[in-house]
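J.: Below, the features straight out of Swiss-Prot:
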| type | residues | note |
| --- | --- | --- |
| BINDING | G13, P14, T15, A16, S17, G18, K19, T20 | ATP binding site |
| BINDING | T15, A16, S17, G18, K19, T20 | substrate binding site |
| REGION | 38-41 | region 'Interaction with substrate tRNA' |
| REGION | 166-170 | region 'Interaction with substrate tRNA' |
| SITE | T104 | site 'Interaction with substrate tRNA' |
Amino acid sequence: MNKNKPFIVVIVGPTASGKTELSIELAKRINGEIISGDSMQVYKHMNIGTAKVTPEEMDGIPHHLIDILNPDDTFSAYEFKRLAEDLITDITNRGKVPIIAGGTGLYIQSLIYNYELEDETVTPAQLSIVKQKLSALEHLDNQQLHDYLAQFDAVSAENIHPNNRQRGLRAIEYYLKTKKLLSNRKKVQQFTENYDTLLLGIEMSRKTLYSRINKRVDIMLDHGLFREVQQLVEQGYESCQSMQAIGYKELIPVINGQMIYEDAVNDLKQHSRQYAKRQMTWFKNKMSVHWLDKENMSLQMMLDEITTQIK
């Protein structure tokens, strides 16, 4: 261990890989507290669709960055990094081990490495204005949208192909939110870790993972996911950014009579599998992870290996 830096354990992996169970059992072994590294579990009232850990599952282990915002609030990597850094300091000062567990790659990466992020947080009123302006651009074709971007950020326009509409919209959205140019954004990864980090990941075959994801979606639906989404819509949260998350956006058309339930469930499973694939690509390409093979290691075997590395 590097005594000059706070020691943290980070557990990553795709959705439905078992991060929650492993992190809780590890916390029991090493006197740890858990910081959620999930961009959606910060929201209240969004429990089933985010696979949020229940009080029973916590089993007395303190969890942080869960249920801290309303669904109409915004949350960013900048906010996560700021809050997580404060929590790590507090947990460490109390003689315990911070365990960050989650699947939001950018959040984890921004915390571990020396990322400088700008605050993109906006108020609900500001976000509404930004959405209105973006909606007004929907009628533009790709080239017209690219020309619009070039009017205020020529550098980004030069680096983004006109057919890459998503990246173009991202640059425009960034400008509308911050009044700054995405091309000037200071976001530097220096590959010097802020912490003495034990970075672990849970992996398994794609076939096994996809089977677990499909089963988890069925369990979520059995536990009342549809009703959860329905209640959020009834409370006026339908147009919120948080409701674009997988598990929520697929069921809204059913509630509005625009899609049949079975098709929405199929979309939900497909989107979840695609998201898991993107997560694994991120972790394997952008982070130096020590992988634990869930198919060939029991929970106890994984815990034994982790505690051996800590010693």
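Glycine is treated like the rest: Cβ placed from N, Cα and C.
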J.: Given the recorded positions T15, S17, T20, T104, which one is most crowded in terms of C-beta atoms within 10 angstroms?
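T.: That would be S17, with the most Cβ atoms nearby.
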J.: State the count of C-beta atoms found within 10 angstroms of the C-beta of P14 (ATP binding site), not counting that atom itself.
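T.: I get 28 for this one.
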J.: Quick one: give me the count of other CB atoms within 10 A of the CB of K19 (ATP binding site).
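T.: Taking every protein chain into account, the count is 25.
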J.: Looking only at G13, G18, the binding-site residues on record, which one has the least crowded Cβ, with the fewest other Cβ atoms within 10 Å?
T.: G18
J.: Determine which residues of the chain contact the region 'Interaction with substrate tRNA' (38-41) at the Cβ level, with the cut-off under 8 Å and only residues 6 or more beyond its ends counted.
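T.: Answer is 49-50, 52-53, 65-67, 75, 80, 102-104, 107, 242, 245.
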J.: Taking the Cα atoms as reference points, how far is S17 (ATP binding site) from T104 (site 'Interaction with substrate tRNA') in Å?
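T.: So the Cα of T104 (site 'Interaction with substrate tRNA') lies 13 Å away from that of S17 (ATP binding site).
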J.: Show me the subset of G13, P14, A16 whose Cα is within 10 Å of T104 (site 'Interaction with substrate tRNA'); these are the binding-site residues I mean.
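T.: The binding-site residues passing the 10 Å Cα test are G13, P14.
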J.: DSSP on A16 (ATP binding site), three-state: which is it?
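T.: In three-state terms, A16 (ATP binding site) counts as coil.
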J.: Quick check: with G13, P14, T15, A16, S17, G18, K19, T20 left out, which same-chain residues have Cβ atoms within 8 Å of the centroid of the ATP site Cβ atoms?
T.: G103, I202
